[in-house]
Structure formats: C-alpha cells, structure tokens
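What TrEMBL records for this protein:
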- B:1-17: compositional bias 'Low complexity' (COMPBIAS)
- B:221-432: domain 'ABC transmembrane type-1' (DOMAIN)
- B:1-23: region 'Disordered' (REGION)
- B:32-54: transmembrane segment (TRANSMEM)
- B:225-246: transmembrane segment (TRANSMEM)
- B:266-288: transmembrane segment (TRANSMEM)
- B:294-316: transmembrane segment (TRANSMEM)
- B:337-359: transmembrane segment (TRANSMEM)
- B:414-435: transmembrane segment (TRANSMEM)
Amino acid sequence: MKKYLGSCAVAAIMMATSGVAAARDQIQIAGSSTVLPYASIVAEAFGENFEHPTPVVESGGSGAGRKKLCEGVGENTIDIANSSSRISQSDIDTCKANGVAEIQEVRIGYDGIVFASDINGAEYAFTPADWHAALAAKVVKDGKLVENPNKNWSDIRSDLPEQPILAFIPGTKHGTREVFDEKVIVAGCEENGTFEALAAENAGDKKAAAKACMQLRTDGVSVDIDGDYTETLSRIDANKNAIGVFGLSFYQNNTDKLRVATMGGVEPTVETIAAGEYPVSRPLYFYVKNAHLDVIPGLQEYVEFFVSDEIAGPNGPLAEYGLVSDPELAKTQEAVKNRTPMGSLN
Amino acid sequence: MTDMTAATPAKSPSASEARTRRRNASERRFRLMGLIAVAIGVLALVGLLVSIFANGASTFRQTYITLDIYLDPARLDKSGARDIEEISKVSTFGYAPLIEDSLAAAMAERGLTGIDADDAADLISGEEPAMLRRYVLNDPSQIGETVEFNLLASGRIDGYYKGRVTMASAELDRNVSPEQLMLADELKEAGILTTRFNWDFFTNPDASDTRPEAAGLGVAILGSLYMMLIVLVLSLPIGVAASIYLEEFAPRNRLTDLIEVNIANLAAVPSIVFGILGLAVFINFVGLPQSAPVVGGLVLTLMTLPTIIIATRAALKAVPPSIRDAALGVGASKMQAIFHHVVPLAMPGILTGTIIGLAQALGETAPLLLIGMVAFVREYPAGPPEGFFDPASALPVQVYNWTQRGDPAFFERASGAIIVLLVFLLFMNLIAIILRRRFERRW
C-alpha cells in the first residue's frame, strides 16, 4: 500500500504547487454547532454586502474548533473558532506553544436553553429543584438520602401534571449539557436540600457533593441525546409525554410543534433572558487569531460586521433568529476595533 | 429372500414417490423463502423511496411572487452620479424597503388591506434584497427604471402551499400568522403568487438558517463532481495498474501475500480513518487548503482504491487461462497477451468495480468531516483546475447539514437532496451497464 500512498502524495504535491501560489481569500471559521446558525447568517450577509467572498463556516463542536484555532499560524489553519463555552487556560497554553500568541475573545450574545414538550401535551411550570428531583440518582426523601423513587412529575410536586417523567437531555459531548448540569441540576440540588445531605455524606467536601448532584439516574427516565435538536424533536414526536431540552432559537422555529415550560415562573424569551430573569442561559463566543487580521482579506471587516448594531443588536437578524443580544455590545465593538487580545484566564 | 424381493417392488414405487414428494416440497419451501427474502428487500426499498419522495418531492416546486420593483434613485444613488463606489455603499438593508414598497403598491392596486406593510413584506424571502443589490451593481443604468422580478416567497408561505404549514399551525407559529397566509391566498388569486418548477434548487448555493427557501445544491453538486473527477482520474489507473501487476506479473511470495491481505483489510477500514489520514498528510504535511475538493478527492481515492483493486483482480482472474495461453502460443509477449486479450475481457468487471467504488465515494461524509468539507459554503468554486483548491461542499454533506437545522423547511430540502443524490447514483449505474454491454458485445 505504501507505493500507492507514495504515488498519491506525489500527485498531491504536483497539484499543490500549481494552486498554492494563489493566497487564500476566504475566511475560514470552525467550531460550535450552536453558534453555526448565527455565524452562517452573518457570513451570508457579509458575502452579500462586502467585496470579499462569503466565509466558510464549519461545525464540529466548540472544543474541536478551538483545537483547530490553536494548531498554528498560516493559511491552512482557520481564522476564527466559534465556541459555546469559554476558552480554557489549557487551550490558551496550547495556542501559545504553537505560536498563536494573540487571540481576541468576542462575546456575541447569549443563548437560552429551554424545556419543551409536545404542543398538545400538558403545561409545565418547573423549577430547577423539580428537575433535580426528577433526574438525579439520589434524592432526599423524608430526611434520608435514597435512590430516586419519583415516577410521575406529580410525585415531586402535586401541582405538576400527573405524567410519567421522561426527559431527553443533551449528551455529555454537547456544550449545552454543561450549562444544564450547572444551572439546572446543581442549582436544583442546592435548592431542594440534597446538596447539604450529599456534602454531609462526603464529609463536607463541596466539590464531591456537586459531582454527586450531577449523577443522573440510569433507569431510562433520563435519556441522553447525542444527536442534535432535530433528533430530540422527533423523539418527542414519538413520545408525547416526554420533555426535551432545546436551544431558544430551535424552539422559536418550531413553536407550532412544541410547548415551552416556564422555569422558576419565567417564560424563556429573548427579553427575559436579556434581563437576566430566565435562569438557564449561557454566553456565546468566537475567538479570532490576531496574526491573521492583516493577512486574510476581510477578516477585520467580518469581525466588526458581526458585532455591529445592525447585525448583533437587539433588532438585528441574529436577535430575530433567537440570539439574546449582549447588553455590553458597545464594549465589544470597541475592543474589536482596537484588536484587544485576551489575557490569560484567572 | 423371496418374499423380500416380492415386497420390495411393491414398496419401492411408493417410497420413491414419497422421496420425490419430500424433495419437491423442500424445493418449494426454499423457493418460498427466497421469494420472501426478495419481498422483504423490495419492501424495505419501497418504504425508503416512498418516505424520501413523500418528504422530498415537493422540493422541486417553489412558490414565487412576481412584482414590478421601482429601483428608486433616491434610495440607491443619492448623488445621482451613477458612481459604482457610491452605489455599492448601499447595503442589502437599504434594498429591503424597495421590495416592501412595491408589494404595498401591488396590494393597494388590488384593494388588499388588513395587514401592515411590515408583515406583508415577510412573505418575501430575505434572499431577495441581496439579489436586487447584485442586479443593480451589475447594471447601474437600471436605477430609476421599473423592472419585473420573480421573488422567492418565504419558507413558511412556500410550506403553506406544500401542506407543511396550515392555518392551525400558523396560529401557534411565531414566524407566520394566519393573516399572512390569507394575504398569500389573495395574492395567488390575483396571479401575483405562483408555484413553479424549482430550478434554483439545482443552481443556488446553500443559504443560512433564516432562508430555507433560497437554499440549493449548486455548490454541493460542483464539489461532488470535482471530487468524483479526481477519484476517477487517480484511482482507475492506479488501481488497474496495481491489480494487473499483482495478478499477472508479481511473484507469489510472502511480500505479495502481505500486500494482498492488507488490501483486503483496507477495504473494510472505516472511512473516517481515511479522513484522519487526509488531515495529517494532505493538509498538515503537504499544506493543501482546507475544505477543498482536491483534498476530498485524494482522501476518497485512497478509500476507493482497495475496492477497485479487489474488483479488478477478480475480473482478471475470471478470464479463462486458455485465452492467455492461446495468445502466448501464437507468439504474443506477456504484455501483449494481457493488454490485447485479458484486459478487454476483464473490462466489464473492472468498470463495475470502479463504478461501485465511485458510488460509495459519492455517498461518503465521514472522511470529509475532518478535512473541513462539512461546512457552510456559499461561494461557487472556480472552474477546474483552480476550482479544485477552492472551498466546496458535497451532496451527502448538504443532506447532513440540512437535517440538523431548526427550520422544518430544511428537512424537505434534505429529502430533495437525497433524491438528487439517488438520481446521480442511478445515472452512474446506468453508465456502468451501458459500458458493460458495449464491451461484452465485442466478444
């Protein structure tokens, strides 16, 4: 097989020499599939209104995108990584080690995470404590820590509908799961007192208690969905009692099929999330390789265009699609203009 | 003894009859099982096709709104100098009001009221201001004229005429209201709104999540075509040369045995492995660009080679040795015997193997994931050979991308794309059959 590999490599090099002379004039973006719809909306508008070609936007996940960004500097590396979670110090270190010294962090807005069920089903009004009581492996019952006995939502709180508990939650490879764990499960764990019981069991170790909070039951009541929201939607279609976890924009595109649940008495909308009333949301980011700013034509323009008021503002196309506009957008615009690189975390 | 001989003739006809009956019965059973097996296969295929066509057939029709648009100089060229620099400063946001105004005018002319201009303008795709801007920048002399345009209706309106959206669902849908659907019906009666064959689906590039109605397969078809060209040009000669050498010239020893085992193994390796190899070798080591059909083509070539080699070797083996012997016997050299006699006879098998390999490569997404081709690409790649290095998408990638999107209109598009992919495959198989027939007739 070596021989064929060799001949292919020769062919590749021959082709490469004829093409590499022309510099890349297209912006290359990769990363989070949550940010992808927003990035493609901006890329499309950018291609329509500027002399530069439409950027290429890849999905593949936040982590993969950041890893690609940190691969090095040069035309065959990407310019921007979209990310639905903040970059980690280890990513920054990898970047530095590979010669990517300056990266800009751009926060584009907030993404709401909503809980929705079939449009013809019951109405739900949840609190994070309900979700913890429904899905956790261990809950407090009559003052004791026991294996989760709850079967119906009404077992948890009598004013919840008498429906069997069945939840489709994002699988562990999704960034959404992290937010779900932190803002719903752990928050609910603290709310309903399980956290204290778990902390006591772990001799006061809060980290261990939080970890124990996130242990979900494995008796088929909580189902991890490793695919995307379309899969969750079709699962709900087949299982009318189930409740699924969605992004706000996905829900807004399917309001004729899904009924959204309130969380802590607040209905998720762009407004309630922007006001900080709805508890389950997270910031979305993209990271720009500063070394490419003057090399790849249009990169600076794209970054500025993305955070401009007419795109990312509260009346722009992104907000219309379900992105919660960042109240501090003006600050971001300023930073982008000055190409302010991010420092190290902590 | 005597009564045994007397008994045997009396018993034997009935015994052999019973045996025959049993054999016949078992044959009937086997036939029935075979028939059931075929029926299950056909049923599965029919089920698949029906579901795809039921979801996707409507993709090939699209709803359009025909409007006369006044290209207002006060909005598009304030200075009046027709300076292209000045005109290009007006963004697509500046073109949207032109469409809104002309729709309002068309409605007023026909006495359609009861809906405000903003909501009415939502009937028209967000793609159209961009189309208008391109039109004006192409030919600035049109400013000040009134031009007739066929504008795409928005995804929900289009869905209304395809049964995806109903009055009841519009009631609950935050992206469309029953009033807008009623207006659409009135426009249809007035002949402004029409549904026609959707050529744009084959030529338009992908569109963002807010414009399912404008999304098309143009870039994906080009990307797939380029990749198949590369795969064909590289894998056919390499694969055929390798198999001829291995089958006809190579000595049989440990080394060739090892190669043989490896080739058989490679044919079964998961395709994503070739993607990893492509990323490491072609992008990181050789420095080829990301998302380019050339890298995709090279990766798929590696993937297709074992299939072609195995099929070609089987075809060469199937040629009767007497042909070879006869050729050698009349004084042909080994190479002459092979190229004049063996290879032409093996050609139908080689072609079938190649086409099967190509078809497999055409439907492959996993290896493309790692080399950046699973992406949102809107720019058409240039003509070959430069175009091989431009970013492009591919048909199966487009299906994969569209099924992930939030708007249900993309699900229809994905099914439509599957139909196009199936037609491509059908076309390729047809070519294989035609070529096979031709070569077979010669012998």
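Each residue's number is its place along the chain shown, starting with 1.
Any Cβ shown, glycine's included, is placed from N, Cα and C.
By the count of Cβ pairs under 8 Å, the stretch nearest in packing to the transmembrane segment (B:266-288) among B:32-54, B:225-246, B:294-316 is B:294-316. Packing against the transmembrane segment (B:294-316) from elsewhere in the chain are residues 223, 226-231, 234-236, 238-240, 242-244, 246-248, 263-264, 266-267, 271, 274-275, 277-278, 282-283, 288, 342-343, 346-350, 352-354, 356-358, 360-361, 364, 367-368, 371, 373, 388-389, 394: each is 6 or more residues past its ends and has a CB under 8 Å from a CB in it. When the stretches B:32-54, B:225-246, B:337-359 are ranked by Cβ pairs under 8 Å to the transmembrane segment (B:414-435), first place goes to B:337-359. Here the transmembrane segment (B:32-54) has Cβ contacts under 8 Å with residues 415, 418-419, 422 of the same chain, all six or more residues outside its ends. Outside the transmembrane segment (B:225-246), and at least 6 residues removed from its termini, the chain residues within Cβ reach (under 8 Å) are 256, 259-260, 293-294, 296-298, 300-301, 304-305, 308-309, 312-313, 316, 338, 343, 350, 354, 357-358, 361-362, 381, 384, 387-388, 392, 394.
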